[in-house]
Amino acid sequence: MAASLGFRGAASGLRYWSGRRRPVGSLAAVCSRSMASKTPVGFIGLGNMGNPMAKNLIKHGYPLILYDVFPDVCKEFKEAGEQVASSPADVAEKADRIITMLPSSMNSIEVYSGANGILKKVKKGSLLIDSSTIDPSVSKELAKEVEKMGAVFMDAPVSGGVGAARSGNLTFMVGGVENEFAAAQELLGCMGSNVLYCGAVGSGQSAKICNNMLLAISMIGTAEAMNLGIRSGLDPKLLAKILNMSSGRCWSSDTYNPVPGVMDGVPSSNNYQGGFGTTLMAKDLGLAQDSATSTKTPILLGSVAHQIYRMMCSKGYSKKDFSSVFQYLREEETF
């Protein structure tokens with residue numbers, strides 16, 4: 001989520017590519033696999049994010065070989081002429097470039113290492129890109145297993161949400177072998193306007209976890225500020241306008257406001273349906289908590305945000321967008 005948070009430009013030390021700039025580095029040095037431009041690409045995971053991401057690859061001329069644990073979501077792709085595989089292993093047998101977009105660490109482990117996983121049929125030299133948001137340690141373990149099979153694994157989680165996935169303006173944070181970055185960039189640039197090389201495998205996940213922790217904190221802060229203003233008699237649209245002209249401005253206030261009726265086209269104005277689920281935010285904050293524990297880093301606000309989103313999940317908000325924290329604050333008498 002939130003490509004606007006922390007990724008307005010290239011950070012120091014990061015390899016960076018924007019859809020508005022020329023790619024970094026020469027494609028001439030990339031292996032023949034990545035230069036096979038319009039050969040089929042495998043895509044596994046066609047949920048809220050994966051579906052529009054896959055469609056953007058198709059728009060750029062890439063034929064796809066698709067798989068999802070729920071066959072019904074593949075129907076529209078099959079009707080459009082794309083291939084649908086019977087398992088992740090089947091995808092790996094037919095494609096040497098595969099992108100996965102899955103909900104959790106456990107899902108990624110199953111898709112890669114399970115009984116019918118990618119590693120059962122992966123070809124030497126294949127490029128495997130995981131855009132799921134998972135524990136960095138899981139990415140590192142998967143990379144080791146993939147390397148044993150003679151293939152390449154890169155983690156490339158995304159930020160920007162469903163809207164950016166649809167428009168092809170995602171931010172990708174990429175971790176892996178640097179000389180494979182251009183090969184990954186060829187595909188990721190079809191789905192995102194910002195593709196950043198962050199370092200070794202797991203670095204992309206670490207960057208994404210930091211971003212989502214900040215996003216959760218800023219969303220809670222925006223919801224609290226808006227709620228306070230409304231209870232003080234301020235018009236919510238006026239308050240949002242003031243915030244967005246002032247130092248409190250952030251992505252949660254100017255692009256994804258949590259108050260119903262303040263903005264069109266956002267989950268808060270659609271009963272908090274669609275978008276980025278509260279369950280997923282709680283999961284990502286759990287990853288941040290684990291990372292903080294392993295690195296002995298204090299995350300005081302991150303820990304509180306984790307507690308809030310866990311409480312929301314236990315009180316019926318699990319399937320609503322994470323901006324529903326505003327509704328939660330309004331309904332909780334204890335706050």
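Including glycine, each Cβ sits where the backbone N, Cα and C put it.
Positions annotated as active site by Swiss-Prot: Lys208. Marked as NAD(+) binding site by Swiss-Prot: 39-68, 102-103, Asn107, Thr133, Lys283. Sequence annotations record features per position, and here Swiss-Prot assigns N6-succinyllysine to Lys59, Lys94, Lys140, Lys241, Lys320 (among others). Here Swiss-Prot flags Lys59, Lys75, Lys144, Lys148, Lys237, Lys241, Lys320 (among others) as N6-acetyllysine. The transit peptide annotation in Swiss-Prot covers 1-35, and the record cites similarity to another entry as its basis.
Straight-line distance linking the Cα atoms of Lys148 (N6-acetyllysine) and Lys140 (N6-succinyllysine), rounded to a whole number, equals 13 Å.
Using Cα positions, the member of the binding-site residues Thr39, Ile44, Ala54 nearest to Lys140 (N6-succinyllysine) is identified as Ile44. The DSSP secondary structure for Lys140 (N6-succinyllysine) is helix. Rounded to a whole number, the C-alpha distance linking Lys144 (N6-acetyllysine) with Leu102 (NAD(+) binding site) is 19 angstrom. Long-range Cβ contacts of Ala54 (NAD(+) binding site) within its own chain (separation 6+, distance under 8 Å): Phe43, Leu46, Leu64, Leu66, Phe77. The recorded positions listed here are Lys59, Lys94, Lys237, Lys241, Lys320; among them, Lys320 has the most other Cβ atoms within 10 Å of its own Cβ. Long-range C-beta contacts of Thr39 (NAD(+) binding site), restricted to its own chain and to partners at least six residues apart, with a cutoff below 8 Å, comprise Pro63, Ala95, Asp96, Arg97. There are 30 other Cβ atoms within 10 Å of the Cβ belonging to Ile44 (NAD(+) binding site). Comparing Lys208 (active site) with Leu102 (NAD(+) binding site), their Cα atoms are 15 Å apart once rounded.
Annotation for the modified residues Lys75, Lys140: lowest Cβ count within 10 Å of the residue's own Cβ, Lys75. DSSP assigns Lys237 (N6-acetyllysine) to a helix in the three-state reduction. Ranking the binding-site residues Ile44, Met49, Lys59, Leu102 by Cα distance from Lys237 (N6-acetyllysine) puts Met49 first. Of all the Cβ atoms in the protein chains shown, 9 others lie within 10 Å of the Cβ of Lys148 (N6-acetyllysine). Sequence-distant neighbours of Leu102 (NAD(+) binding site): residues of the same chain at least 6 apart with a C-beta under 8 Å from its C-beta are Ile44, Gly45, Ser108, Val111, Asp130, Ser132, Ile134.
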